[in-house]
Amino acid sequence: MVTEPLTKPALVAVDMRPARRGERLFKLAASAAGSTIVIAILLIAIFLLVRAVPSLRANHANFFTSTQFDTSDDEQLAFGVRDLFMVTALSSITALVLAVPVAVGIAVFLTHYAPRRLSRPFGAMVDLLAAVPSIIFGLWGIFVLAPKLEPIARFLNRNLGWLFLFKQGNVSLAGGGTIFTAGIVLSVMILPIVTSISREVFRQTPLIQIEAALALGATKWEVVRMTVLPYGRSGVVAASMLGLGRALGETVAVLVILRSAARPGTWSLFDGGYTFASKIASAASEFSEPLPTGAYISAGFALFVLTFLVNAAARAIAGGKVNG
């Protein structure tokens, strides 16, 4: 039997140039998209700095330590951000301290304890809270929450007044227009952000780690404590910083709640005054004149830098593993 020799299949040349060209175009488009956010941030920073410098040069007060903010006379500008920083920091940190433990608890409940028929609608309700307008939170805070908090504020002031956070502030406790009230309202506002991100991070905990812990006899709480929470640490930090960013920049709700103060702040939760954002919003009518406008833009630039420092600190705390 004669067998025919095997013949090699003919090689067909494939032109890879269109694919390579498409890859280059896609890489260029992706790089351009990635560069857009960097360019936008740089442009914003340059705009703020350029508009702020003339007013800073004309300023007759120390920008960082002065409690004045007088822009009524172009020739005698005197403004500083000491009180703005104090009110912003106290209200935002109060919100963070109150919101994060509750948000983490809700996230753990939704991912590891709640039955599915309850988890989804409850999670949707938490997410829906983020859609409530800021002005609604502000009105609810000053008309509903503030009167309820007044007895608590008086109790804290009476019994813990020796501690600087609870001593008598620069506004009356009556009416509740204090940092204490603003911080609690802000904690409700940032709750959905921290909860939503923490929930998604906890859901990504490797199933094999959870099953291994259960196989070793761990209870559900021990699984959460030793597996879920350590795995989601950097995600919770990232969520907290996003919530803090929201609190730092919140304007309308804080403007509605906080009572203006005639005296400098004392680093008490029972002080009134303005945050960076609410001070800028309250003076929109002055933005027709360059130098007074520049004074408020200077405050905006300080807030801009503060948010960057907060995010840098978050990455350092999370060991560089903060996502987002």
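Glycine is treated like the rest: Cβ placed from N, Cα and C.
The following features are taken from Swiss-Prot:
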type	residues	note
TRANSMEM	30-50	transmembrane segment
DOMAIN	85-314	domain 'ABC transmembrane type-1'
TRANSMEM	90-110	transmembrane segment
TRANSMEM	125-145	transmembrane segment
TRANSMEM	174-194	transmembrane segment
TRANSMEM	237-257	transmembrane segment
TRANSMEM	290-310	transmembrane segment
Same-chain residues at least 6 beyond the ends of the transmembrane segment (174-194) whose Cβ lies under 8 Å from its Cβ atoms: 87, 90-100, 102-104, 106, 126-130, 134, 137-138, 140-142, 145-147, 149-150, 153, 236, 239-240, 242-244, 246-247, 250, 253-254, 257-259, 268-273
Which of 30-50, 90-110, 290-310 has the most Cβ pairs closer than 8 Å to the transmembrane segment (237-257)? 90-110
Hey, which bits of the same chain come close to the transmembrane segment (90-110), Cβ under 8 Å, at least six residues off its ends? 119, 122-123, 126, 179-180, 182-184, 186-191, 194-195, 198-199, 201-202, 224, 228-229, 236, 239-240, 243-244, 247-248, 254, 267, 269, 271, 275
